[in-house]
Amino acid sequence: MLSVSGLSAYYGRAHILDDVALDVGPGEVVVLLGRNGAGKSTTMKAIMGLVPPAAGRVRFDGAEIAGREPFEIARRGLGYVPEERRIFTGLSVLENLEVGRRPPTAGLRPWTPERLFALFPSLGAMQDRPGGRMSGGEQQMLTIARTLMGNPKLILLDEPSEGLAPVVVERMAEAIRALKAEGLSILLSEQNLHFAQAVSDRATIIEKGRIRWSGSIADLLAADEVREQYLSV
Amino acid sequence: MENLVLQALSGLASASSLFLVASGLTVIFGVSRVVNFAHGSLYMLGAYLAYSLVTTLPRGHLGFWGGVIGAAVLVGLIGLVVEVLLLRRIYRAPELFQLLATFGVVLIVQDLAQMIWGPQDLLGPRAPGLRGSIEIVGMRFPLYELFLIGVGPVVLGLLVLLFHRTRWGTLVRAATQDREMVGALGVNQRMLFTSVFFLGSLLAGLGGALQLPRESVNLHMDLAIITEAFVVVVVGGLGSLTGAALAALLIGELHAFGILIVPKITLVLVFLVMALVLVVRPHGLLGKPEAAARGGQGSAEPVIGPAPPALRWLGLATLAVAVVLPPFLGDYAVSVLTELAIAVLFAASLHLIMGPGGMASFGNAAYFGIGAYGAALAAQWLGAPMLAGLALAPLAAGVFGLLFGYFCVRLSGVYAAMLTLAFAQIAWSVAFQWVEVTGGDNGILGVWPSAWAAPKLVYYYLALALCLGATLFLRRVVHAPFGYALRAQRDSALRAEAIGIDAFRIRWLGFGLAAAAAGVAGGLFAYGKGSVFPTYMGIPRSVDALLMVLLGGVQTLSGPIVGALAFTGLQEQLVRITDLWRLILGCIIVLLVLFFPQGLAGAARARWEARHGDA
């Protein structure tokens, strides 16, 4: 579904990503693990075209998308959920969803506000509330729901558990499993191994902009030295 | 009493017209963050096109109203073309560059309009069906004014519906806050921006077209309305429609009653109110903090290093020419060189606030003018000799710089720039309307240099020495600890404060210093010309300074020097050889912005660095 190889990116002169490669198969949940500043968010932004990739290939759904504009990439069925949520604070919940709305994708059940409110019940209770007057957890749900309104085939989910209360993290994990059950592919970025292992099939570890390890979640749980080296704080 | 009612009604009619123009400006700014100077030109084009259409189409309702609507749509299309050809390419450029580009469009439109419609005022026909007047509280009131009063609220209502009840409106509001995110959700921002420009331009065109039965169409409509529209938009809060409506109401009524109550200070009144609003509410009546807007920002400002040897030699060579050549030139050439030297210092003073300081000033001419008036008033009323006048000039400008700056530097971005403009207009109005002291429009004449400095050549060397000294001093300041602090607060006021820098104080002193330097330039200019006029403080002169700095490049120290020489030289030559100098200058500005977005000196440096590896 998504196949990245040799991806490099710079901020000014700082080399942020170096030869990043990763794959996400259809219906698969892959987690990109790494510490703060390892390059997780930049990888996602580079895939989405928000940070122009300096080199490398990004194939999505049979087409090369590296160098394309974010809106074109989104229209091909790649959804992006930013780490900072970036809710439109002046717009109501329903209006936020409206901004994300795109035509249905063949083979996937189209998302509607009603279906999303079933997935995230707390949003349903505040449809007309401005995005700026919601808690962090509610905003996180809204940003995912907003991206889903575009009926993506794959979503890039940047640190969805960050800064959320444990109860909310638990609900987020349930939602991600529900999305996987719908047949959606997901590339997740996380620092929280506990959360990642609960929802992911495979893991890829990034450190200082380079991919250091890839394998199944089970392998990662068995490889103590890998976790020790790249993930422990 | 009846008079007051009529005055209030006519204020409403003005407010309505003003709102049409300002609403377009605020909508465009909200989404694209472009401060569109050319909005007034679109308004003027609306009036001219309506004149042509209405006088060509058959008389009657269809001809008139068809002509008005047709003109509005045509102006919308013109705005669309400007967006696609020009602005679309520079959205990532710094805000002020876009302003510069749109100012280029202003110049181009002025000459084109003059070529097409001629320099004379044009009087359009009255609106069919609305020619008469009706009786209100026993007085006659024109029907057309009454109609205009209705147009504003109707347009406001339609716009509110458009923005809150349609998908397009929702997308526009979302893009106003975070356009990058809207793009990542699959919305083609380009189409969105272009359509917003179409709408905004259409509103400006409509505003202009509807003036046709009210006043004559002329070539000064563009700059007259743009200042007012800026005031309305800023007072209302950038990007806020309801705010623009409120502010238009406020300004419209202020005009209407200002004339009745305090006729002496009508010109100042509007800007006083704007200054007051901004001091109390830094983001306008209904505006939100600008920092909330994201996406499309350029990279960090480059670090300013010492000049490379090649540049040093080039500077010295230029200086050598400037010292050695003049004795062999005629008086005219020497006075042109004097003006060039003054322009360099004037540009350098603005550069200190804009480049290292990170604040745009639309009112730098105020301090130039205060310097000039300081010297001239001292000469006229105190009989002060030239040297005393020249010493007084920076003092007066510096004091006023500190006074005005105390309020300006608290704000940021466009609001700060607008407050500097407001203070400059206040200074201009005082010079213009306080006839007893300043001579008003006639200025102060006979401000001649002392006998020893009377020969053009001697005065040139005096000006060169003072301007060069002051410019080098400003350069030195940038490299001193004060300059580091100034740049630190520009890059991050919060972090600068966290390491103990009083950002406000640094900015304030920087503003005052720049004002004093502009004052030196103004004083020299006054004695060089032998007279001072209110135009020394006018908006065009402030814009000149902006053009010089932006043309040269904001983030290089040699930028203002190169820019001042290029701009003043170019303008001087163009005015001499062609009537169409505005058209040509406008085209040059537009091309420069498109191809040298870092300015002339910035482009030269980029090329130099590319050739010599990383500096």
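Quick reminder: no glycine exception, Cβ is built from N, Cα and C everywhere.
Just so you know, TrEMBL annotations never went through curation; they're auto-generated.
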Range annotated as transmembrane segment - as stated in TrEMBL, picked from B:41-58, B:437-454: B:41-58
Between the transmembrane segment (B:257-280) and the transmembrane segment (B:99-117), are there three or more C-beta pairs closer than 8 Å, counting only pairs 6 or more apart along the chain? no
Counting Cβ pairs closer than 8 Å, which of B:41-58, B:191-212, B:388-407, B:458-478, B:508-527 has the most of them with the transmembrane segment (B:414-435)? B:388-407
The transmembrane segment (B:191-212) and the transmembrane segment (B:64-87): do they have three or more Cβ pairs under 8 Å, with pairs 6 or more apart in sequence? yes
Quick check for me: are there 3+ Cβ pairs below 8 Å between the transmembrane segment (B:365-382) and the transmembrane segment (B:41-58), leaving out pairs under 6 residues apart? no
Test the contact criterion for the transmembrane segment (B:388-407) and the transmembrane segment (B:224-250): 3 or more CB pairs under 8 Å, pairs 6 or more apart in sequence, then answer yes or no. no
Range from B:41-58, B:143-163, B:224-250, B:508-527 with the greatest count of C-beta pairs under 8 A to the transmembrane segment (B:99-117): B:41-58
Beyond a gap of at least 6 residues from its ends, the CB atoms lying under 8 Å from the transmembrane segment (B:191-212) belong to 17-18, 20-21, 23-25, 27-28, 31-32, 36, 39-40, 42-51, 54, 67-69, 71-80, 82-84, 87-88, 91, 124-125, 148, 151, 155, 168, 171-172, 175, 182, 221, 225
Based on Cβ pairs under 8 Å, which of the stretches B:41-58, B:143-163, B:508-527 lies most in contact with the transmembrane segment (B:224-250)? B:143-163
